[in-house]
């Protein structure tokens, strides 16, 4: 092991470097991340600069005149109830000078009063008497009276001709005049003393107004809303990256030594830097464009910076709690908007200070509160400076403190829940771990405590378990005792491991074998510390795996290669290795050397600078293995480390492990039995979670009666029965395994090798009796695995079961596949189109139904949309109270003993009488008002802005004259002062009662209530319209899963794909739109009378708007969806576009042409456009007091029609995109009118050189086949001169893009009834060739022709054929079951429902999928998933089958089932199969011919035996010695007996040689010599086999690795080629 020193600082620096590299290389993502806040900032600055920064200069005092000057002749005053007192009061009112000509009407009830008011708009006022001293005035909302306590933003307006202030409306519109007349009437009725002249002579005066910035309330709300969303892009990408990295890599990195603090520090520091920079930008924008004029840069920057930090912290917290990137984004967005909108109450000054500080625990609320305070100070032209004598600076310091506290709190909670919540690894801390650090994992440790009696359990029977060699006694490195593991499934607990007892030894390679789902990965995950066992214990070098401290020590010595690949796609191979080397704690000075050593030993030097995302699956697997071995860990836990690797790479890894066997513990799982046979010293076989047997290959093969495979090739003259009798005579226990017309295969027992010399000597003499040739090979562990899988009790049972299973499976498959052509009937083109539309619609419904996360996201977004509605209701409720409020003195004036607070001041009384006014002052004091009295000569009341109001008393005693002076910021000052004066006069007349007055603002229609939330219903629709990316971007996930390619190849029409999705998406979306419409209506937020015409127009428009937005989203998905789905980001973009459009339309004068233009240019504005027109028209009727016309105008109809024009346009655009950039269709699309295209053969850029003679012959045959007019003579697949180049990466921005050649002038064809195997190492071009043949990738040059099925649908004149395709990636939907997949593809391929049932049933029977039929794909084991993908490819009656590594990940029995299915396909001589595989045993078992590709070229082609004879005529000899010290002696003896023997692998106790045929033949002499060596040197065993196809491929693969074949094409072709694009 390397010396390790794990430091958080080193890990943090490494992770920071990784993040920066990712940001730099993902330039589009980074540009989007930075551009959104920059655009928001520039928009706010430009908006403010152009139109909104108009400062109102100082307004001098204004004399409004006396009340006598008001002319109320046009007024209609209605009062209730009618009584003697009320009639007297109202009669007195008529004597007021202002009331001359006023009609006064008495009605019995409030309802009657409302009705009279409605019929006398606009000059109607209502009076409701509660008693003789209490009444309320009911006025129309349009009357213009202020209805808020305080206008925070624009209390006065500069109209150029004169200044106008809001509070003057009370005086000028007659409200105060009527109030004063009624007060005078009450006083006269009560005291029989007339004060009408005295009160009506009161003058009204406005104090002077200081300069201020007038802004509409909505301006600041929109400004704050933009500020709240300013960091949205950073939050989006932070949550996405952190959540995905935690899910994919963090736990594996923790196994390798990663500290939690390093992980969070790296992401935290990078985004602290980002927030810092972007906060500087927005602070500069806000201050330089004077959005905020009086507050400095530092305050704005600090406020934004701390708010951004809090959002990053809450993002980390939500990422830990929710563990889903999209859900995290939406919750943070909801959190921001909700609490930010609640913070608007601070802007309205509706919350008590204590509650405001309590709610500041939510950072968006605290931020909105801080912005509101800045706005208040700016409004008063004070600004926030430090220090500030007024104390406002300390309030901002408190806001800064609470934001910093919020950030710290969220971060602490994130780290806490990261410790205690179960995610990824099952090890977690106790909830109160911070109280006692030693208590961490106590529960787990106790539960899995080592039980002494388990340390030495009763060993299983020796019949199944080979005894351990004495040399390994005492070297037990890992001791597993009674390990059990259970998982919670939907149907109950699933037992993965059932009481395993096992020891793993040092200096020994141990392989874990078993079928898919046997428990191999569960065991390895437990040993690595990722999983916690349900019961039992594990010790590693006497350290308990369940103890936290021991686990940390164990992990320092562990290297883990999980089943999934672990790498960072944005990093190169070298950078990945460097990163993990630093995480593991390798000393900085040793990192480079360690990385170079790994690159060299695993032969990755040629791909060291390639990005991981551009590697093939095999190369990614090799990189993951390299990461596991960094630091030379003493314990290697490898879960299928060589899956997907080519033979050469596999041999490299085998050699690597063999060299490190000494003093190391190597435990690996595999589905590749040959790998276990060759590499592992000891095999452990697990079945259904239980241990079946352990031992070496020799033990297992001997135990289960397996040995050599003798293959005899004969002609028609050979008597097979006589030959069998001959063999049984020499080898009595020989068994016939397989028999064909040309070949017999026997199994010769391993213990009979002593009889082989005589047997082969006699067999050589038998060759003249029809025996053409023979070959011998050693049995593999495949046979052992197949026998052990069924758990029979005896060897005889093994033989019977093996024969029965093979015959039954083959019979089932032979019945299943031909039946497909029998049940398929021709259907018409349109019938097939309808079937496909229904199938895709059902697929979309199933995806929506099963994806609970998607539904939760939509519901959450709906909640965000309805959030302002809730706030609107709350605001309306508050306004209902305020609109019915009483004009009390405590609104503006202090009471005796009350400390100055809020808006209240003392009442200033100016004495201008030159006498004592003590009687009046006493009357005021009896109203509980704090007075401040001064003389007129000393104090100018109009300049006393520190007071809310003042009363100037003039005249003489007992005949006072009054002037009411009001601060223009106190909107309700005049009614209050008039009541104060009236009550003062009443008290001076020796009456103790006080007059009380309330105001009730009456709305005659359902109108939008101004609450500070701009057009709530429009906001709802804006958010709903922005939801289309969350609804209609399903195609992006199909593309990511490669499911769309599979559907297209299966014959799906492009139009059926889009229309099938649209049927569901439009229905769902239109339902949401209509719901939001009618929710707004029923919430009484719309000024619209819902007549039948309007309801119809709304429904039509909603359907059209839903269709246009859905198809617009489809276009966006097609163009931009090939990288990431980004539905949340697109929703934000939609929302911003709608908001900006509405802002431009709504803030100007109403213009129908502008609305139409906006609707045409912005499809998502269509629904809002009609709403704006209808609302504004109704509002115009309202303010002009006209009768509402309910009909639809031409503009309304045009607005309803525009979305349908958009829909047709987007469908046409989608059709054009499919035609130009889409995949080539199999059938002619009846709707899009897209026909299969014959690609013109482009000239090949290079000519073939130094080709093998068989390759040249194949090229000529392919050329002749293309020109053959006879269709019956044509092969089923013709690939002529295929050439493919991909664009490489730029080394830097100024360099030219390189061209990488994947396939170089390859020609071959597949005949009817033939299986052609396409073989070669990783990067040889196999998959690229298959994708070109399948039509997924367009060839750079060359031509492909496939056989067409004459009875298939829609092929008249088509140049493309329908075929079955099994891609390398499983293009499946995780939430769909196996049965649903099969039914979907059956419909797409045109099978009628009843036929599909039959076909599916037979295929399920043949491939043993009964138990998985109703299981979702995400719950299937890897083997079952791969099997399903294969079944989908053979479903239907396709003449061509193209299979790209179809058996990858399958266990042995699964592979055999797939092989039998493929053989059944070609049993019909009209069909052909092209097969790509890394499993050379599969190629030998299935392929009639094999084509081997190396470096993009076809190296050789021909029958398997031909290739063996041509390239691999040698034999392989393996000898296993008991005593290692005898190796040199044995080696010399072998060289003496076989002079040309070449030693191959140098492995512990295993000698491997390659022997030429001349040294081996005759076999009788070879076996005679080997028997002598076996007995002379006491060998454990030996085997002699003819060179396999594996060896042939291995030798040819070296050409690619060594660079002897490939040439330079701007770069080394030995490097991995870029992954192919799906674009044609």
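Using N, Cα and C of the backbone, Cβ positions are placed for all residues, glycine too.
Annotated ATP 1 binding site per Swiss-Prot: 514, 515, 516, 517, 518, 519, 520, 521, in sequence order, evidence recorded as sequence analysis. Residue 514 (ATP 1 binding site) has a Cβ environment of 26 other Cβ atoms inside 10 Å. Look at residue 514 (ATP 1 binding site): DSSP puts it in coil.
Feature annotation from Swiss-Prot assigns ATP 2 binding site to 1320, 1321, 1322, 1323, 1324, 1325, 1326, 1327. Mapped onto three states, the DSSP output places residue 1321 (ATP 2 binding site) in coil.
Among the features that Swiss-Prot reports, domain 'ABC transporter 1' is placed at 478-713, with the record citing sequence analysis.
Taken from Swiss-Prot, the feature transmembrane segment covers 31-51 (among others), and the record attributes it to sequence analysis.
A Cβ distance under 8 Å defines the sequence-distant neighbours of the transmembrane segment (222-242), meaning residues of its chain 6+ beyond its ends; these are 19, 22, 29, 32-37, 40-41, 43-44, 267, 271, 274-275, 278, 282, 291, 304, 307-308, 311-312, 315-316, 318-319, 325, 328-329, 332-333, 336-337, 340, 343-344, 347, 364, 367-368, 371-372, 1014, 1128-1129, 1132, 1139, 1143. Look at Swiss-Prot and you will find 222-242 (among others) tagged as transmembrane segment.
Residues 227, 230-231, 234-235, 238-239, 242, 264, 267-268, 271-272, 275-276, 278-280, 282-284, 286-287, 328, 332, 335-336, 363-364, 366-367, 370-371, 374, 384, 396, 399-400, 403-404, 406-411, 413-414, 417 of the same chain lie 6+ residues outside the transmembrane segment (297-317) yet bring a C-beta within less than 8 angstroms of a C-beta in it. Residues or ranges marked as transmembrane segment by Swiss-Prot on the basis of sequence analysis: 297-317 (among others).
What Swiss-Prot lists as transmembrane segment is 326-346 (among others).
As annotated by Swiss-Prot, transmembrane segment applies to 356-376 (among others), with the evidence given as sequence analysis. Long-range contacts of the transmembrane segment (356-376) within the same chain: residues 152-153, 220, 224, 227-228, 292, 295, 299-300, 303, 307, 310-311, 314, 335-340, 342-344, 346-347, 384, 392, 395-396, 398-400, 402-403, 406-407, 409-410, each at least 6 residues beyond the stretch ends and with a Cβ under 8 Å from a Cβ of the stretch.
Feature annotation from Swiss-Prot assigns transmembrane segment to 395-415 (among others).
Under the heading transmembrane segment, Swiss-Prot lists 854-874 (among others), citing sequence analysis as support.
Annotation source Swiss-Prot lists transmembrane segment at 971-991 (among others). Cβ atoms under 8 Å from those of the transmembrane segment (971-991) belong to residues 146, 148-151, 155, 166-167, 170-171, 175-176, 179-180, 183-184, 187, 190-191, 193, 195, 198-199, 202, 204, 887-889, 891-893, 907, 919-920, 922-924, 926-927, 929, 948-949, 951, 962, 964, 997, 999 of the same chain, restricted to positions at least 6 beyond its ends.
Marked as transmembrane segment by Swiss-Prot: 1005-1025 (among others).
Here Swiss-Prot flags 1058-1078 (among others) as transmembrane segment.
According to Swiss-Prot, the transmembrane segment annotation covers 1130-1150 (among others), on the basis of sequence analysis.
The transmembrane segment annotation in Swiss-Prot covers 1194-1214 (among others), and the record cites sequence analysis as its basis.
Away from its own ends, the transmembrane segment (1194-1214) comes close to residues 1058, 1097, 1100-1101, 1104-1105, 1107-1108, 1111-1112, 1114-1115, 1118, 1152, 1155-1156, 1159-1160, 1163, 1166, 1169-1170, 1173-1174 of its chain (Cβ-Cβ under 8 Å, at least six residues beyond either end). All protein chains included, residue 520 (ATP 1 binding site) registers 27 other Cβ atoms within 10 Å of its own Cβ. Each of the binding-site residues 517, 519, 1323, 1325 was scored by other CB atoms within 10 A of its CB, and the lowest score goes to 517.
In sequence order, 669, 686, 1421, 1451 are the same-chain residues whose CB sits within 8 A of the CB centroid of 514, 515, 516, 517, 518, 519, 520, 521, the residues recorded for ATP 1 being left out.
Looking only at the binding-site residues 1324, 1325, 1326, the one with its C-alpha closest to residue 515 (ATP 1 binding site) is 1326. Rounded to a whole number, the C-alpha distance linking residue 517 (ATP 1 binding site) with residue 1322 (ATP 2 binding site) is 28 angstrom.
Scoring each of the binding-site residues (518, 1324) by how many neighbouring Cβ atoms lie within 10 Å, the top position goes to 1324. The predicted model assigns the domain 'ABC transporter 1' (478-713) a mean pLDDT of 86. Long-range Cβ neighbours of residue 516 (ATP 1 binding site) (same chain, at least 6 residues apart, Cβ-Cβ under 8 Å): 671, 1421, 1422, 1423, 1424, 1449, 1450, 1451, 1454. Same-chain residues lying 6+ beyond the ends of the transmembrane segment (1058-1078) with a Cβ under 8 Å from its Cβ atoms: 836-841, 843-845, 848, 862, 865, 1020-1021, 1024-1025, 1027-1028, 1031-1032, 1034-1035, 1098-1099, 1102-1103, 1105-1107, 1109-1111, 1114, 1167, 1214, 1231. Of all the Cβ atoms in the protein chains shown, 25 others lie within 10 Å of the Cβ of residue 1322 (ATP 2 binding site). Those residues of the chain, other than 1320, 1321, 1322, 1323, 1324, 1325, 1326, 1327, with a C-beta within 8 angstroms of the mean position of the ATP 2 site C-beta atoms are 616, 646, 1493. Neighbour count (other Cβ atoms within 10 Å of the Cβ, all protein chains): 29 for residue 1326 (ATP 2 binding site).
Geometry remark: residue 520 (ATP 1 binding site) versus residue 1320 (ATP 2 binding site), CA distance 29 Å.
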